[in-house]
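Trainee: The structure that follows is given in the form of structure tokens.
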Amino acid sequence: MLNQSSVTEFLLLGVTDIQVLKPVLFVIFLAIYIVNVAVNGVILMVVISDSRLHSPMYFFLGNLSCLDICFSTVTLPKMLENFLSTHKAISFLGCISQLHFFHFLGSTEAMLLAVMAFDHFVAICKPLHYTVIMNHQVCTQVAVTVWIIGFFHALLHSVMTSRINFCGSNRIHHFFCDVKPLLELACGNTDLSEWLLHSVTGTIAMGPFSLTLLSYFYIIICLFFKTHSCSMLHKALSTCASHFMVVVLFYAPVVFIYIRPASGSSVDQERIIAIMYSVVTPALNPLIYTLRNKEVEGALRRVIRRRL
């Protein structure tokens with residue numbers, strides 16, 4: 001149930017107040033958004049259309065590409081609109097909806113990265129049991145479970161935030177609606193919401209991150225003590241290094257924003273970090289991870305040849 005406060009809309013103050021920079025930033029962020037949607041869209045199309053990529057690894061990569069498109073779409077179109085508009089308002093319901101989908105997609109991606117790390121562990125350390133452990137039914141159930149958990153985690157935040165009383169300023173010092181900037185505008189007690197933000201979001205973030213590190217710990221042990229082929233070792237390390245780079249790019253900003261003490265960061269710092277994980281990282285993920293993959297490149301060439 002939505003709150004009964006006097007605030008019916010919020011003003012998103014955006015990335016900068018400097019008017020000269022706004023057209024330049026609009027072009028830069030529009031280019032990043034186009035790259036993100038185009039590259040992730042191509043990867044999603046290739047994974048779906050090429051039967052050779054119908055394996056657990058590429059099934060989860062397809063999920064990641066879908067998440068990256070949706071994740072940046074939650075925040076970027078509104079930010080682009082505000083660069084060109086003098087009226088930067090967003091309705092109360094629109095703000096809560098943006099908050100919900102931001103945390104829904106973000107927490108889902110955090111858990112999906114852990115699942116992908118486990119998939120690498122099984123493929124490298126238990127290759128003979130891989131098709132049994134990571135069969136199609138299991139992969140589908142895991143993916144659905146991750147999306148459902150992410151949805152209800154976000155629902156918790158959106159419901160709690162919607163019930164907060166906002167009776168003062170409606171100016172949000174950010175380019176999208178998030179829990180922390182909204183809590184700064186609240187008039188009542190926000191202890192429960194702050195506790196939920198740090199504890200529940202911390203668990204959603206650090207739990208999968210710990211599982212990812214554990215998977216890589218066992219992968220490293222397995223590679224150096226059981227693998228005698230240099231080519232296999234190089235291929236496995238290359239795949240894991242790409243995935244781990246994506247993990248670091250995703251988790252480092254999340255830890256900075258949601259888990260570390262708020263007193264240590266400024267509004268400008270938080271906005272820059274938020275740009276990294278909500279705008280830049282979704283566009284970098286496919287460039288770092290998927291497009292370096294020879295199987296994806298081969299599948300892309302086959303799709304292009306079929307269409308020509």
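The count begins at 1 with the first shown residue.
Every residue, even glycine, has its Cβ placed from backbone N, Cα and C.
Quick paste from TrEMBL:
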- 39-289: domain 'G-protein coupled receptors family 1 profile' (DOMAIN)
- 20-46: transmembrane segment (TRANSMEM)
- 58-80: transmembrane segment (TRANSMEM)
- 100-118: transmembrane segment (TRANSMEM)
- 138-156: transmembrane segment (TRANSMEM)
- 204-225: transmembrane segment (TRANSMEM)
- 237-259: transmembrane segment (TRANSMEM)
- 271-291: transmembrane segment (TRANSMEM)
Trainee: Quick one: mean pLDDT on the domain 'G-protein coupled receptors family 1 profile' (39-289)?
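Mentor: Result for the domain 'G-protein coupled receptors family 1 profile' (39-289): average pLDDT 85.
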Trainee: Counting a contact as 3 or more Cβ pairs under 8 Å, with residues at least 6 apart in sequence, do the transmembrane segment (100-118) and the transmembrane segment (20-46) touch?
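Mentor: Touching, no - the transmembrane segment (100-118) and the transmembrane segment (20-46) miss the threshold of 3 or more Cβ pairs under 8 Å.
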Trainee: Counting only residues 6+ away from its ends, which parts of the chain sit with a Cβ under 8 Å from the transmembrane segment (58-80)?
Mentor: 12, 14-15, 26, 29-30, 32-33, 36-37, 40-41, 43-44, 47-48, 90, 98, 101-102, 105-106, 108-109, 112-113, 115-116, 119, 139, 143, 175-176, 278-279, 282-283, 285-286, 289-290, 295-296
Trainee: Go through 20-46, 138-156, 204-225 and flag the stretch with the largest number of C-beta pairs under 8 Å relative to the transmembrane segment (271-291).
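Mentor: It is 20-46, which has the most Cβ pairs under 8 Å.
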Trainee: Give the nonlocal contacts of the transmembrane segment (20-46) in its own chain as ranges (CB under 8 Å, at least six residues past its ends).
Mentor: 53, 61-62, 65-66, 68-69, 72-73, 76-77, 79-80, 83-84, 279-280, 282-283, 285-287, 290-291, 296, 299-300, 303
